[in-house]
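The block underneath contains the structure these notes are about, expressed in structure tokens.
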Amino acid sequence: MSDFEQLFAGKLPKLIMFDLDGTLVDSVPDLAVAVDTMLAELGRPTAGLESVRAWVGNGAPVLVRRALANNLDHSGVDEALAERGLDIFMRAYAEKHEFTVVYPGVRETLKWLQKMGVEMALITNKPERFVAPLLDEMKLGRFFRWIIGGDTMPQKKPDPAALFFVMKMAGVPASQSLFVGDSRSDVQAAKAAGVACVALSYGYNHGRPIAEENPAMVIDDLRRLIPGCLDLDAEILLPDIKRPSSRESIVVVTRKLWMKVIKALARWRWRA
């Protein structure tokens, strides 16, 4: 029995929400360059690739604080120093993404899902200002109907607010939705939203095997998600999906738009 058959009784979900860093793209090399630039400018030892790989996943402010602490525990970092470090990091990271790469199988799988009429959204903790340019550089933006950054809404993952928002906008219930990510925050957000979560084994989870977070399924290649995803004649039952005559506009959710719908989502507010 295939992965999707296990989760959705032989059908495709109507909506799939994806994380970005560590799920679709490996961005750690560029993040590490920006972190080391920040540390060097502050007169501190550089961190290096593997340390940064263990620190990413909770947004830029947390990454900067962890780098300043040289530890996952950043509770003792001075607030003024953290703000200064964040400004330097944001400036350095905005300059280029020359070392970021798309993981194998990602484009093929997204193309297949798009052909099958599955709605797709991107929900990331990466600051909003970096998301669209990176997607354009990687040629991934056209696959997503909704794109939400880490500072787009008042909450970020593991809070499930963004998942609830996308499901409401898509008109798709949690039972017909899937979240695909690579970290504890992704799994927790999906569980809190009542959505099945498939996790990638190759991503960023602070050095812990993602299986320890108990997602519904762990895979090592996105192409494993769908049987025959490279075979456009694969026989998979599809839900009743209204296919647009032409691809509808991508909706990049911004903070301004979010404030217009926050009241509608209030009843779903997650409480830890």
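Cβ coordinates come from backbone N, Cα and C, glycine included.
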>> Going by the Mg(2+) site in Swiss-Prot, where ASP19, ASP21 are listed, which of the candidates ASP151, ASP159, ASP182 is also part of it?
In response: ASP182
> Can you list the residues of the same chain, besides ASP19, ASP21, ASP182, whose Cβ falls within 8 Å of the Mg(2+) site's Cβ centroid?
Replying inline: LEU20, GLY22, THR23, LEU24, GLY57, THR124, GLY181, SER183, ASP186, LEU200, GLY203, TYR204
> Near ASP21 (Mg(2+) binding site), how many other Cβ atoms are within 10 Å of its Cβ?
Replying inline: 22
> Between ASP19 (active site, nucleophile) and ASP182 (Mg(2+) binding site), what C-alpha distance do you get in Å?
Replying inline: 7
> Are there residues of the same chain, six or more positions away from ASP182 (Mg(2+) binding site), whose CB falls under 8 angstroms from its CB, and which are they?
Replying inline: ASP19, GLY22, THR23, GLY57, ALA199, LEU200, TYR202, GLY203, TYR204, ASN205, ILE210
